[in-house]
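According to Swiss-Prot, the features are:
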- Arg48, Arg54: NADP(+) binding site (BINDING)
- Arg125, Ser126, Ser127, Asn238, Ala239, Gly278, Lys293, Pro294, Thr295, Ser296, Ser297, Arg319: FMN binding site (BINDING)
Amino acid sequence: MAGNTIGQLFRVTTFGESHGLALGCIVDGVPPGIPLTEADLQHDLDRRRPGTSRYTTQRREPDQVKILSGIFEGVTTGTSIGLLIENTDQRSQDYSAIKDVFRPGHADYTYEQKYGLRDYRGGGRSSARETAMRVAAGAIAKKYLAEKFGIEIRGCLTQMGDIPLEIKDWSQVEQNPFFCPDPDKIDALDELMRALKKEGDSIGAKVTVVASGVPAGLGEPVFDRLDADIAHALMSINAVKGVEIGDGFDVVALRGSQNRDEITKDGFQSNHAGGILGGISSGQQIIAHMALKPTSSITVPGRTINRFGEEVEMITKGRHDPCVGIRAVPIAEAMLAIVLMDHLLRQRAQNADVKTDIPRW
């Protein structure tokens, strides 16, 4: 299986399955001399981990990360950083009834077509459990970006089902189980989630991530545009079916006179482009959105086939999230951080001596 690595200079390679012994990753390209402990990574892992509220899967994994290499006397050495998280709450028996059945809407059918076999226990490698290691690696990038460049990366839920959420107050995001920035909508989200759990169904969501303090000049035209790499990273997250940068698909209804981000001596007058022009960061906030489908792991009966070609009706048993978008927030932050750190290192390697007299805001 290829495709387990992201990045060029800051490279993250993950391994492990949902019901295997452990998850792990190798992080290459971290500069030496950066103070780093397991506690630096644990905060974001705790935000992502399952079983933390009644609105998410009740699989209870502590997700305690172990640093295996690349750290000496509390600082990075510049060598590969190895990270490991043990799986401790597997219930593989929950999946024995579906070992020969393809769950509709899941990767069961496509994995079997590609490899001729699959790990049916919780989806194996296709499970969102894998993203725990992305969050751990992303926490390294977030720390580097914040301490060396003053870059802040934040994410939140901006829609659940047909409930839109305004970014009214970032401080509220960590104060509720939905990562919701709109305190006026908490009760509506709670009511929707209760209804979904009662019905045994699920719902989709929209997540927004914002990076502030990103310098102008990041991005490598033409095939490694910054927005292309961000879209690639976000699309790699489980259940994501669409990504927008800036105003995204809303620009279809705009005219050029409305959409262009005009510039005065005081700076940009708007940010429809989401902080990226021509594939290169403009120095404005980088804004990206991603749409996540409703999970197919539900108890509402549905039609499918088994590996023998027979039609069957099935429900998905086990412990699942009614809305996978909730726990996707720290994952999206991590993926954005990984991309930005990679491009910062690439910019430093090629253009460290570039100086311009063009204003920066």
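Yeah, the Cβs are placed from backbone N, Cα and C, and that goes for glycine too.
Across the structure, Arg48 (NADP(+) binding site) and Ser127 (FMN binding site) are spaced 14 Å apart at their Cα atoms. Neighbour counts were taken at the CB atom with a 10 A radius for the binding-site residues Arg48, Arg54, Arg125, Lys293; the maximum falls on Arg48. The DSSP secondary structure for Lys293 (FMN binding site) is coil.
Across the fold, the C-alpha of Arg125 (FMN binding site) and the C-alpha of Arg54 (NADP(+) binding site) stand 25 Å from each other. On the backbone, the CA of Thr295 (FMN binding site) and the CA of Arg54 (NADP(+) binding site) stand 17 Å apart. Listed in sequence order, the residues of the same chain lying 6 or more apart from Ser127 (FMN binding site) and placing their CB within less than 8 Å of its CB are Glu17, Ser18, Asn238.
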